[in-house]
Amino acid sequence: MTEFDTIAAISTPMGEGAIAIVRLSGDQAVEIADRLFRSPSGKRLKDVPSHTIHYGHIIDPKSGRVVEEVMVSVMRAPKTFTREDVVEINCHGGFVSVNRVLQLVLANGARLAEPGEFTKRAFLNGRIDLSQAEAVIDLIRAKTDRAMNVALQQMEGRLSKLIRELRQTILETLAHVEVNIDYPEYDDVEEMTPRLLREKAEYVRGQIEKLLSTAAQGKILREGLATVIIGRPNVGKSSLLNALAHENRAIVTDIPGTTRDVIEEYVNVRGVPLRLIDTAGIRETEDVVERIGVERSQQMLKRADLILLVLNYHEPLTEEDERLFAMIEGMDAIVIVNKTDLPRRIDMERVKELAAGRPVVGTSLLHEQGIDELEKAIADLFFGGELEAGDLTYVSNSRHIALLEQAKTAIEDALAGIDAGMPVDLVQIDLRRAWELLGEIIGDTVHESLIDQLFAQFCLGK
């Protein structure tokens, strides 16, 4: 285990609440807490068993004044998250109380932790690997149950296990090649022929491709579908956002141009996280503020994963509607014909023709009709029910996806070398590159600056 100084931070969100926690980790964690803690029985934290919790007060050692009433948990190395001694001081929530406790802890020998430093220590001390550490932040940021389950899988080491198995296969192959080259006289070692080498390389490539086949869905679960709502002014775009978000997030009026900017909201649609973006109605306008909103709407379209195009059932199609269809040509989209509670004036056959095979859903958002059908269309368009398979290991992290793609390329370079009749000792260069790239996923072969960058994304106290 690596030796570090003792760190401390508030590990609960700031603000009013029932309980706040100050966490300490390091060799001096128990000693520092012991200087500040007084129990009614006079017991000392240094003498208590590991994984126990104790009632008492935090005392300012200089003045002897009672600062807080607390419950203190003591957990001794190595059976802790960081594999160091860990103390958690549970005090009352709020801003003043928890900060008083933290300042006393820092004044008595602890250092304020950097973002993600507790998890970083868990990684550096061998408690978790890098992909498991990254899953911690995914778990915290998960917007749906499914996204949380994917993060939990990664935290449990399912991806790590597969990566280690692939690296072991490559390593055994490399070792076999080395023995053949360095000790050709060993008759009891099977010769690594091009055919045998190809079998090993094709197996690794197949497993990498299997992982990459989950990447599109995994990335959606991790980051959410960037879903842009577009349509002419006053067709019900903001009503759609409110209906999917199940709250009044956007202003809804009968005045065209009410939404003058881009409104974003995360929503959960049947387990699929949507980063729902309500745009200003796209139309020609003289209003400077509204025109800026329209320009931003057009920019958002270029970055969207899904377009929800809203039309008015009670009005004929306009040139603006047809122009919107042209703008989203070739994109994943669902056409929503809203206000079906009113008499039909829209040409539905023309709508279906313009939709070009993409789903068309009728809604009356005023009366909350058609929302279930819309949610089903969204889930079916991207997942088609396949997400329920619990035995899949999803790859959701962009860094992991990029490294898997690079490793696959290295394996394919090795296969091309075999086909070209290159010597086995040259082919192994590409295999070793694949082994190193896979190692970067779990942190076995990764630069320290990248580790610092990854953990800097965490919140304080985690």
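Each Cβ is built from the backbone N, Cα and C atoms, and glycine gets one as well.
Residues annotated as (6S)-5-formyl-5,6,7,8-tetrahydrofolate binding site in Swiss-Prot: Arg23, Glu88, Arg127, Lys462. Around Glu88 ((6S)-5-formyl-5,6,7,8-tetrahydrofolate binding site), the same-chain residues at least 6 positions away in sequence with a Cβ under 8 Å from its Cβ are Ser11, Ile21, Val22, Arg23, Leu24, Val72, Ser73, Met75.
The domain 'TrmE-type G' annotation in Swiss-Prot covers 224-383.
According to Swiss-Prot, the GTP binding site annotation covers 234-239, 253-259, 278-281, on the basis of sequence analysis. Annotation note: Lys237 (GTP binding site) sits in a helical segment as assigned by DSSP. In the shown protein chains, 31 other C-beta atoms lie within 10 A of the C-beta of Lys237 (GTP binding site).
Annotated K(+) binding site per Swiss-Prot: Asn234, Thr253, Ile255, Thr258, in sequence order.
Under the heading Mg(2+) binding site, Swiss-Prot lists Ser238, Thr259.
A simple Cβ count within 10 Å picks out one of the binding-site residues Arg23, Arg127 as the most packed, and that one is Arg23. In this structure, the binding-site residues under consideration are Asn234, Ser238, and the one with the smallest number of other Cβ atoms within 10 Å of its Cβ is Asn234. A distance of 55 Å separates the Cα atom of Asn234 (GTP binding site) from that of Arg127 ((6S)-5-formyl-5,6,7,8-tetrahydrofolate binding site). Reported as a whole number, the C-alpha separation between Lys237 (GTP binding site) and Arg127 ((6S)-5-formyl-5,6,7,8-tetrahydrofolate binding site) equals 48 Å. Arg23 ((6S)-5-formyl-5,6,7,8-tetrahydrofolate binding site) carries a strand DSSP state (E or B).
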